[in-house]
Number of protein chains: 2
Amino acid sequence: MTGEDSFISALRAMAGHPAARGLADDCAVLELGGEALVLTHDMMLAGVHYLPTQDPADVAWKLVATNLSDLAAKGAEPVGVLLGYQLAGSDDRFITGLREVLDHYAVPLLGGDTVGGSGPQALGLTAIGRATHRPVPSRSGARPGDRVWLTGAVGGAMIGLEALRAGRGDSLRYRRPRPRLADGIALAPHVTAMMDVSDGLLLDALRLSRASGVTLALDAAAVPLDCPAARRDEALRWGDDYELLFTLPAAVPCPVAGSPIGWVQDGAAGRLRLDGVDLTAEPGLGFHHQQKP
Amino acid sequence: MTGEDSFISALRAMAGHPAARGLADDCAVLELGGEALVLTHDMMLAGVHYLPTQDPADVAWKLVATNLSDLAAKGAEPVGVLLGYQLAGSDDRFITGLREVLDHYAVPLLGGDTVGGSGPQALGLTAIGRATHRPVPSRSGARPGDRVWLTGAVGGAMIGLEALRAGRGDSLRYRRPRPRLADGIALAPHVTAMMDVSDGLLLDALRLSRASGVTLALDAAAVPLDCPAARRDEALRWGDDYELLFTLPAAVPCPVAGSPIGWVQDGAAGRLRLDGVDLTAEPGLGFHHQQKP
């Protein structure tokens with residue numbers, strides 16, 4: 001076990017409240033006053049989650065967008081965010097990007113904390129949402145016979161980061177991900193399981209199969225790409241695309257633009273197959289945060 | 001204006017939602033589903049907010065306790081926390097302290113994020129509470145003629161940090177602050193204004209006078225001390241004691257153990273007097289986060 005794995009195991013052991021969902025979901029879901037409150041918190045560190053040379057306006061956008069993507073996976077409507085901000089030299093550009101992303105998604109800034117410090121910049125964001133449908137979708141409801149679906153395409157963020165590193169302009173998919181909030185709300189009443197794809201399609205699909213106790217069998221050729229077809233293998237393992245991965249009973253038509261990319265099978269629990277090959281034990285199945293960007 | 005001041009001004013300009021309370025309060029207060037949700041987020045950086053050599057169990061306690069203190073200032077009951085954690089070498093001790101503080105206050109861990117990184121450790125905590133009384137207390141309701149009150153005493157954290165630096169054992173008041181949750185709940189129906197004292201009694205009293213648009217006149221000798229009387233001036237400017245500062249109409253008896261330390265006067269808005277001397281413009285009135293510990 002890595003240090004992160006053992007730390008998370010220890011946290012999990014103390015997260016017995018049902019709202020915590022065993023720390024195995026995209027968000028906490030807290031019943032309060034007749035609403036289901038959906039809560040998520042992500043941190044980003046300079047040099048780990050973003051390039052220290054990146055435009056802080058893009059960093060602000062991504063910080064908010066990745067948390068809203070977690071809400072999207074619950075079919076939740078955002079109600080506000082709290083920001084944790086370590087001052088750096090270029091705070092004006094951060095403000096610009098923060099204003100852009102909050103305006104774009106009509107999400108209010110509710111509060112937070114600003115700190116000074118001399119190390120690499122650390123950022124945190126808490127997003128608060130309200131569920132639009134009960135039960136609130138989780139990763140754990142996929143059933144044998146369900147079809148596996150994906151919104152959009154993968155590989156765009158991979159190409160985008162390469163463009164950014166090369167100083168080319170076509171890096172938007174990496175710099176400014178678009179959380180699938182409207183799709184999540186439309187899907188919530190129909191899906192058996194749902195999550196967002198942040199760490200790579202294959203790794204996240206394996207997580208969904210583990211949470212649901214099923215085998216997921218995916219068809220590589222069915223996955224839409226935002227990159228050259230020759231890079232399909234990489235694109236399936238790359239993160240940062242923030243699409244929604246979900247399962248629907250076979251008879252239920254998909255209510256949003258999406259692609260069927262496989263099936264839930266009645267095999268061993270927590271296994272992933274791609275074109276018939278079991279990838280469950282493959283190292284480097286997806287991107288871990290430590291390795292990004 | 002410092003970088004932090006101008007950054008916060010820019011944030012304030014985009015925090016127009018009433019739940020944000022103009023970013024001038026201890027917490028956001030969000031009406032949702034018939035409940036008033038109370039939300040706060042604080043960051044702590046190694047070397048800025050705690051000594052890198054401190055026991056991580058104490059750091060975990062303080063991270064949670066300072067956020068619960070913000071909830072106490074709203075008379076809120078904690079419903080859960082989200083943790084943002086940058087892995088360090090000593091994660092087991094952090095887990096121990098986290099378990100202790102969450103058990104002590106019966107607060108569930110609901111979720112969060114764990115990241116790897118090589119710089120000084122960054123931590124974030126979001127605390128979620130529900131208000132026990134409406135209207136939810138703010139800093140802005142103090143009225144001329146109200147009496148100013150303080151729970152407990154100040155100076156204990158100052159002595160505690162000195163003990164910690166000297167390797168003595170009597171450092172508990174600095175290492176393990178006790179948020180006044182029960183007092184906050186008992187006070188909420190009665191106070192005209194309330195806040196917690198995190199950055200120093202005088203600085204926080206000035207903030208309350210600004211938010212309320214009044215003059216606060218404090219009597220130094222009336223402030224209970226947890227340190228030698230010779231250090232009164234320092235103790236009034238030191239932070240980290242996490243007592244509650246509040247105002248009550250003169251005719252209302254204080255429902256908790258507290259000390260009357262002054263009066264709200266009908267003077268100029270946003271001014272602070274101590275023993276008749278106007279301190280409003282005094283530099284270094286309290287501890288700013290950048291200077292701690």
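The backbone N, Cα and C atoms fix where each Cβ goes, glycine too.
Note that the coordinates shown come from a computational prediction; the quantities given were computed from them, not determined experimentally.
Site annotation for Mg(2+) 3 in TrEMBL covers A:Asp70, A:Asp196, and the matching candidate from A:Asp26, A:Asp113, A:Asp240, A:Asp241 is A:Asp26. Annotation: A:Asp26 are the binding-site residues among A:Asp26, A:Thr40, A:His49, A:Asp70 whose CA atoms are within 10 angstroms of the CA of A:Arg139 (ATP binding site). Of all the binding-site residues in the list A:Asp26, A:His49, A:Asp240, the shortest Cα-Cα distance to A:Thr40 (Mg(2+) 4 binding site) is found for A:Asp26. Largest Cα to Cα distance within the recorded ATP binders A:Gly112, A:Asp113, A:Arg139, A:Ser198: about 31 Å as a whole number. For A:Asp26 (Mg(2+) 3 binding site) paired with A:Asp240 (substrate binding site), the C-alpha to C-alpha distance reads 15 Å. The Mg(2+) 3 site is defined by A:Asp26, A:Asp70, A:Asp196, and by the 8 Å test on Cβ atoms against their centroid, the other residues of the chain that qualify are A:Cys27, A:Thr40, A:Ser69, A:Leu71, A:Ala72, A:Ala73, A:Lys74, A:Met195, A:Ser198. Rounded to a whole value, the Cα-Cα separation of A:Ser198 (ATP binding site) and A:Asp42 (Mg(2+) 2 binding site) is 12 Å.
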